[in-house]
Amino acid sequence: MNKLPQITLAFWVMKICATTLGETAGDLLSMTLNVGYAVSSMLLISVFVLTLLTQLSSKTYNPVLYWLVILSTSTAGTTLSDFMDRTLGLGYATGSLILVSTLVAIFALWKWSGESLNVSQVQSRRGEMFYWMAILFSNTLGTALGDYLADDSGLGFAGGALFIGATIGVVVLARYFSKISPVVLFWVAFVLTRPFGATLGDFLTKPLDKGRLDFGTIGSSLVLAGILVVMIGGATYLKNKQAGQSASLSGSSIG
């Protein structure tokens with residue numbers, strides 16, 4: 001049984017919200033609370049493993065559980081990228097190249113395994129594992145790419161977010177006006193929403209004298225968490241409503 005959500009506009013809004021929250025929450029733990037990139041990464045990877053194991057053991061799609069795993073990959077991806085780029089001194093460009101190579105390898109192995117890369121057809125435990133590994137590394141890549149665009153490319157935080165947003169817009173147009181595989185376009189958009197969220201998160205939290213809004217990691221995280229909770233609540237309500245309608249129809253057909 002497929003335990004992943006339908007790909008709708010609400011999905012993409014929640015994805016961007018979750019990735020932006022992952023950026024601000026990851027920075028809150030590693031920088032504001034001064035836990036450090038290495039320790040934060042270990043803690044957040046542990047959270048990711050716990051949420052992933054719970055997701056894998058679930059029999060049906062659970063919106064709360066699904067988005068908890070997404071959020072855990074986003075926060076872990078933030079600190080992992082910062083650990084590679086800053087603590088290890090690899091830099092944004094080198095870190096991004098390593099992560100791109102890793103992500104390409106994951107997709108190649110996924111394809112080679114015989115499992116479908118189409119998320120609507122992910123049915124097996126193996127396919128689900130590939131799905132979540134791709135998400136973890138795409139979120140880590142997104143942080144490195146977002147930081148590179150914001151800090152090293154000369155675009156700045158707002159410019160980086162606008163550039164990624166425009167690129168996502170091109171992907172959307174390609175979905176409706178080209179013959180490019182929808183599966184390929186989905187994963188391109190999925191990867192791109194992470195640096196969009198990363199640059200947006202930095203734009204919200206960084207100081208005013210650097211051209212940002214200076215909401216801080218705590219304030220930004222609370223606002224984003226509130227939005228995400230409301231949307232997850234709505235998704236849960238719709239899922240339960242649909243399940244109830246299906247049960248009623250089944251009962252009527254039996255009667």
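Note: Cβ is positioned from N, Cα and C throughout, glycine not excepted.
Keep in mind that TrEMBL annotations are predicted by a computer and have not been checked by a curator.
Here is what TrEMBL says about this protein:
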type     : residues : note
TRANSMEM : 34-53    : transmembrane segment
TRANSMEM : 65-84    : transmembrane segment
TRANSMEM : 90-110   : transmembrane segment
TRANSMEM : 130-149  : transmembrane segment
TRANSMEM : 155-177  : transmembrane segment
TRANSMEM : 184-204  : transmembrane segment
TRANSMEM : 216-238  : transmembrane segment
Considering the transmembrane segment (155-177), which listed stretch of 65-84, 90-110, 130-149, 184-204, 216-238 counts the most C-beta pairs under 8 Å: 184-204
Residues of the parent chain within Cβ reach of the transmembrane segment (184-204), under 8 Å, 6 or more residues beyond its termini: 7, 12, 15-24, 27, 74, 77-78, 103, 107, 117, 119, 134-135, 138-139, 141-143, 145-147, 149-150, 157-158, 160-161, 164-165, 167-168, 171-172, 174-175, 212-213, 215, 220
Within-chain partners of the transmembrane segment (65-84) [C-beta distance under 8 Å, separation at least 6 from its ends]: 3-5, 14-15, 18-19, 21-23, 25-27, 29-30, 37-38, 40-41, 44-45, 47-48, 51-52, 54-55, 58, 90, 95, 98-99, 132, 135-144, 147, 194, 197-198, 228, 232, 235
